[in-house]
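*Asks:* Grabbed the feature section from Swiss-Prot, which reads as follows:
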type: BINDING; residues: Pro84, Leu85, Ala86, Arg87, Gly88, Leu89, Gly90, Ser91, Ser92, Ser93, Ser94; note: ATP binding site
Amino acid sequence: MKIIVPATSANLGAGFDSIGIAVSLYLTVEVLEESSDWKIDHDLGENIPTDERNLLLTTLSAVLEDKNVALPAKYHLKMTSEVPLARGLGSSSSVIIAGIELANQLAKLNLTSDEKLKLACEIEGHPDNVAPALLGNLVIASTVAGKTSHIVADFPSCALLAFVPDYELKTVESRQVLPNELTYKEAVAASSIANVLTASLLTNNLEVAGQMMEADRFHESYRASLIPELQLLREIGHEFGAYGTYLSGAGPTVMLLVPDNKLTLLTEKIMEKNLTGHLYPLKIDNKGLQVEESVF
């Protein structure tokens, strides 16, 4: 059995902690065989546990505890990931969704998508990454009084270009630079920008969407000092035809929304700057969580 989960890119500027997209990088978890102990084969580095301390298995345990279910066996697993770690592309969220589905499959829980999303939000804290990892495409979500409401929609047609710096930026570090509160006037302005961003995405107006994502008042201006590449890439985007540029999740990945016919040009112009990192041309993943050879 294989569980496949896409990477995600959250916030899109003004959609802070609420809007996310699934993109074409993937985490794969394969169940190999029963084992005397849990064991995970991976090549993700020495800092990622290979036993029950791994986020995949702590998530599985949390789901089983929530459902008051025990597994009759432990398993040898293989985890492979194209998703860069601690770069703002939802690496932890993809593992959380995989862990929930692993519990769902092995314990035959028959969880609905809504139940999976509820569990994921309880573990992750907010829906902007876990929702598109689970559901694919563009997801706009909010959790109010413990209940997560979400809308899934087709993302406007365009290419995505992700610049992934070689340095990590932990979400907790990126959140430390945010203000504790906004004034009422600031909150109204930030909310209105987010409203227009949402409407423009849902009506396929990428020109307006790009303007609104770059006008964010919630987080990007506070985080910009942590990611020096953001402003440079935004300027390149303006000069060579990108719809918009935003900080993916908590960073440090910078994402550009690009007309398909400008992707090659923008890639070349960014590569000319010799930035330390990697460029990924990406597409929207419209499937979300996938299971091959389900145990059901």
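Every residue gets a Cβ built from N, Cα and C, even glycine.
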*Asks:* Give the three-state DSSP assignment (helix, strand or coil) for Ser94 (ATP binding site).
*Replies:* helix
*Asks:* Over all shown protein chains, what is the count of other CB atoms within 10 A of the CB belonging to Ser94 (ATP binding site)?
*Replies:* 32
*Asks:* Other than Pro84, Leu85, Ala86, Arg87, Gly88, Leu89, Gly90, Ser91, Ser92, Ser93, Ser94, which residues of the same chain sit close to ATP? List them in sequence order, counting a residue when its Cβ is within 8 Å of the Cβ centroid of the site.
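*Replies:* Apart from the listed residues, the neighbours are Ala7, Val83, Gly249.
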*Asks:* Most Cβ neighbours within 10 Å: which of the binding-site residues Pro84, Gly88, Gly90 is it?
*Replies:* Gly90
